Amino acid sequence: MPRTKIPKNSKRNREVANREEKVRLYELKMDSRLISIDSLETKFLSAVDHQVKTLLGQVQKELANLKMPEVLRLFEELDRFSDFKASDQTQLLASMSMSGSAIEGHAPSATGSRNDEEDSSIGASGGSILAAHTGSLLRSTKAMRTPGPLHSARARRARRSRSACGDLNILHSAKPPSISSSSSSSRNSRSKLRTPMASRAKAFSADRTPLKQKQMRSGSPTTPPMAFLRYPKPGEVALSKYGSPMVAQVMPDKFANVNIPIRNGVLSLRPKKLDADEVESNLLENLDEDTLNQIKTLHENLQMIVNKASQAVFK
């Protein structure tokens, strides 16, 4: 009777595998949940940041730079912020920046708010909006995340950092796209910057040949057909179609021969006249039908060569 008792080692291994699978599924679920929480956090932070940027864009530059005591004194003098007048120097700088942008062909910024009362401060608000918007972006990049349970859980795993690069790209996107030169497309690799080796002729190979040269040489090369293969001479290097060196069989002697593969070896025919009793019948029994058909085709080719050579000699 075969023993049906399960070994303890296999049972223990199966339990360990089950525990690892459960832990892996739990980690996958936690990762998906953390990703969803991060997406919600990013969504709400971007909404709040957008509202703050909108408010900062509506406030004039001098008004935004005021300190708290000055703001309190300003509340006593003004009924609303739209009545605040910028100084003459600020208006001059704003008008110069607006005229410079108009000469360069850039449209002036239209992010500033339209006050209920149109006064002389509208021209100065256009130049101050971009500066306030840029300052708010830079201040938002320096904000630190509030530590909490989510932050400690994320610290256990290597995740993508939420750096300031994503927000700073908005600043760079306002610049006009620069026209890249033709030299950037062909970049020098590290090997080209090193000391060059001695120049040598590189053979064409299947792994080094460019695609265009492969297509040019994809056709049949100018080599004779398979019935007229030539063995390399002693000391001659045999190359493949694409120039790779090959290990080829070298003829030891300079004479014609015919090699016939049989089941237990190769039957080599030398240019020597054979008698009928020299041909062993047990060797011919090892020939299969395909090899016999190949020998017949080879016999016809040899007979054709003999006839052509005889006609060429007698002419």
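In case you wondered, yes, glycine gets a Cβ from its N, Cα and C as well.
Residues or ranges marked as compositional bias 'Basic residues' in Swiss-Prot: 153-162.
The compositional bias 'Low complexity' annotation in Swiss-Prot covers 178-188.
Residues annotated as phosphothreonine in Swiss-Prot: Thr146 (among others).
Feature annotation from Swiss-Prot assigns phosphoserine to Ser152 (among others); the stated evidence is experimental evidence.
Annotation comment: Swiss-Prot describes Ser163 (among others) as phosphoserine.
Sequence annotations record features per position, and here Swiss-Prot assigns phosphoserine to Ser205 (among others) based on experimental evidence.
Annotation source Swiss-Prot lists phosphothreonine at Thr209 (among others), citing experimental evidence.
Residues or ranges marked as phosphoserine by Swiss-Prot: Ser218 (among others).
Among the features that Swiss-Prot reports, phosphoserine is placed at Ser220 (among others), with the record citing experimental evidence.
According to Swiss-Prot, the phosphoserine annotation covers Ser244 (among others), on the basis of experimental evidence. All protein chains shown were included, and the count of other CB atoms within 10 Å of the CB of Ser244 (phosphoserine) stands at 15.
The feature region 'Disordered' is assigned by Swiss-Prot to 103-126 (among others).
Sequence annotations record features per position, and here Swiss-Prot assigns region 'Disordered' to 138-226 (among others).
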Going by DSSP, is Ser244 (phosphoserine) sitting in a helix, a strand, or coil? coil
